[in-house]
């Protein structure tokens, strides 16, 4: 619906459609993988740490993203079959609910990544005071504030999504938060070497520092994957709002389904990154699948 008939007539770009079988398979895989992350953290008491709580928050955001695209695709199929109309009152409310879920997923992912980055920063540069600074109670309070803010913002933005005054702050929040997280990581890596010298005299400091830097590298990869998967869709929102009749914008919007699939691919890639780089999670998964103690 974001591409008008006029824009289709002035561009030669054909609409790229992802097969429904591929769409639902990717969505189901993303939901299942992130659900396994949540189960693993709940079952393993060694993972009851602030860092893994933030990871669970990100997993929930990824699940919401996959669920949103799944429901949206079902909605489109029902409209094509004639069971639903695009402009009815019920359909409008359903569309607003799905938009709210999408915004909640995006904001939840951004702020979860920010919380993970801040946690890693404290772990590296305030290692001796980390357990006093980042307690489980504080982590839970931070997550409660994050999700309360994201839920309220998602409802407000979904209700007023047709106003430019709402679209602009929402879309600018994405690059601003990503820039802030990127600056945090750059600062982290620049000071890591000098910080390592200060704690070199402590027992096991080298091993501890290497473990922290490994975690920082993991989260940097995480951030890169997030940008690659979400940025095209956010750009689509901007183009659909401000230049729907421009042939170049219409040509980019013809890959709408591909951009939506990228969001769900992010939900698949994230658990793989953590499962591959976290020995504790790997051991937990082995115990879960092998049914061993």
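Heads up, residue numbers simply count up from 1 along the chain you see.
Every residue gets a Cβ built from N, Cα and C, even glycine.
Remember, TrEMBL labels are computer predictions, not curated facts.
The domain 'G-protein coupled receptors family 1 profile' annotation in TrEMBL covers 33-274.
Residues or ranges marked as transmembrane segment by TrEMBL: 22-42 (among others). Within the chain carrying the transmembrane segment (22-42), a Cβ under 8 angstroms from the stretch's Cβ atoms is held by residues 48, 52-53, 55-56, 59-60, 62-63, 65-67, 69-70, 73, 257, 261, 264-268, 270-272, 274-275, 281, 284-285, 288, all 6 or more beyond its ends.
Beyond the transmembrane segment (49-68), the same-chain residues lying 6 or more positions past its ends with a Cβ under 8 Å from any Cβ of the stretch are 26-28, 30-31, 34-35, 37-38, 41, 98, 101-102, 104-106, 108-109, 112-113, 115-116, 119-120, 123, 134-136, 138-140, 143, 146-147, 215, 263-264, 266-267, 270-271, 274. Residues or ranges marked as transmembrane segment in TrEMBL: 49-68 (among others).
Per TrEMBL, transmembrane segment is recorded for 102-128 (among others).
Residues or ranges marked as transmembrane segment by TrEMBL: 140-162 (among others).
The feature transmembrane segment is assigned by TrEMBL to 168-192 (among others).
What TrEMBL records for 213-235 (among others) is transmembrane segment.
The transmembrane segment annotation in TrEMBL covers 255-276 (among others).
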If you average the pLDDT over the domain 'G-protein coupled receptors family 1 profile' (33-274), what number do you get?
79
